[in-house]
Amino acid sequence: MAAGSGEQELRAIIRDLGCGPYFLGTFDKRFPGFMAPHKVACAIVNTAGRETGGEHWLAFAWNPRSNTCYLFDPFGFSDQRLKQIYQFEYEGLLRRSALATKDRCVTWKSHQTCRVRVGRCGFSAACSTACAWPTPMDKNPTMNLLTGVPNGMLQSPQVEPTLRRNQEALYRFLNSHSAYFRSHRARIEKATAFDRMNQDM
């Protein structure tokens, strides 16, 4: 997908972060869901078809211990808002994942807006580590770096310093843990500059 962070770049960062054993791959909107109910898994999913070049990156994770599906969306959009903006909804993904479980029931968990991006389409490398961690929102080394803000305040100047600190914290984390990021830091930071984020929205 032609975006600020392409699939190859995302896979390289994810490999550096040690998420490989859990990572199913990068997918477009046709991601089939989590079909192996007994395995911890995560995936990076775009809201558009691969043939379009991509629009917005989301991260999903599956925790079999609690039949819990996690979503990390840097913008914190609701299912209704994602459908309105991108014609993408995750209810179908949940239904497909639930059909693979013994009792056909899953728990759904999301997160406040963090708006941290490594890529024009809203992907944050925090997505990959958040999803790969067995307890994605608890004691996670990247999620604990970030401060969420209410979704309704995403465009408010009041939260801009928080969002900027989130992005800088993520860059520092990736610089410490990803050889790929270190080798391509100047290009990645230019492509994902905070001001560019505002222009793209």
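Glycine residues also receive a Cβ, built from the backbone N, Cα and C atoms like all the rest.
Over in Swiss-Prot, the protein carries these features:
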type: ACT_SITE; residues: His56; note: active site
type: ACT_SITE; residues: Asp73; note: active site
type: ACT_SITE; residues: Cys121; note: active site
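Neighbour density for His56 (active site): within 10 A of its CB lie 22 other CB atoms from the protein chains shown.
In this structure, the C-alpha atom of Asp73 (active site) lies 9 angstrom from that of His56 (active site).
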